[in-house]
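Enquirer: Dropping a structure here in C-alpha cells format, bear with me for questions.
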C-alpha cells in the first residue's frame with residue numbers, strides 16, 4: 001500500500017509554507033523576472049553578472065507581487081484601490097477626458113512608493129461604464145500637479161444602486177507603463193484586481209458628493225481592504 005505524503009514534515013509541508021509565505025506575482029512581472037534570470041544564466045561564469053541577475057529577478061518579483069486581500073463585507077463602502085500613503089484629500093473636478101460635469105468631487109490621492117505592491121483593485125463593485133487613457137508627463141507622483149499633468153488612465157464604476165466612483169491610475173517619475181485590464185461593460189467585484197502601474201505611481205479616487213470620508217492624510221492603505229469612505233444614503 002502506497003504511503004501518503006507527510007503534510008506535517010515532508011516536501012508538501014514545505015511547499016505549503018512557501019505558498020502561504022510568499023505572495024503570488026502579477027503576470028505583468030513575468031517578462032522582467034524571466035529576463036533577469038536569463039542574464040543570471042548567461043553570465044553564470046561571472047560572479048558579478050550572476051549576482052546582478054538574481055538580485056534583479058528578486059527585486060522584480062517583489063515589485064510585481066500580488067498579495068491576496070479580503071474586501072469588507074458591509075455594503076455601501078469604497079475601498080482603497082492601491083497600497084500606499086494618502087497624500088491628499090481635497091475636492092477636485094474629475095479628469096476632463098471622462099466628459100463628466102465640471103463639478104468638484106471629493107478626491108483621495110494615494111502615493112505608491114517602490115516598496116508598495118503596485119496592483120490596483122476596484123474601489124467599488126459594479127459595472128465599468130468608462131475607461132479613458134490620456135498621455136502626459138512623468139513628474140513625481142506625490143506632487144499635487146501630478147493629477148493634472150502626468151499620464152493617466154481613468155475608469156468609472158457604477159454600483160447596482162447607481163453610485164459612481166472614479167479611479168485614476170497616474171504614472172510617476174519612474175513609471176512608464178500603465179496597465180488596465182478592464183473595458184466598458186465589464187463587471188468587477190469590490191477589491192477585484194483590474195490593473196497595475198510599473199515603478200512608482202499614484203491613484204486618485206473620486207467619490208460621490210456627500211460621501212463620508214473615513215481616512216486621513218498620512219494614513220497607509222491596503223488595496224481592496226482599507227475603507228476610504230461610506231457612500232451617501
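Cβ coordinates are placed from backbone N, Cα and C, and glycine is handled just like the others.
Pasting the relevant annotations from Swiss-Prot:
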type: MOD_RES; residues: 201; note: pyruvic acid (Ser)
type: ACT_SITE; residues: 201; note: active site, schiff-base intermediate with substrate
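What does the local environment look like for each feature on the list?
Expert: Under the three-state DSSP scheme, residue 201 (pyruvic acid (Ser)) falls in the strand class. Residue 201 (pyruvic acid (Ser)) has a Cβ environment of 31 other Cβ atoms inside 10 Å.
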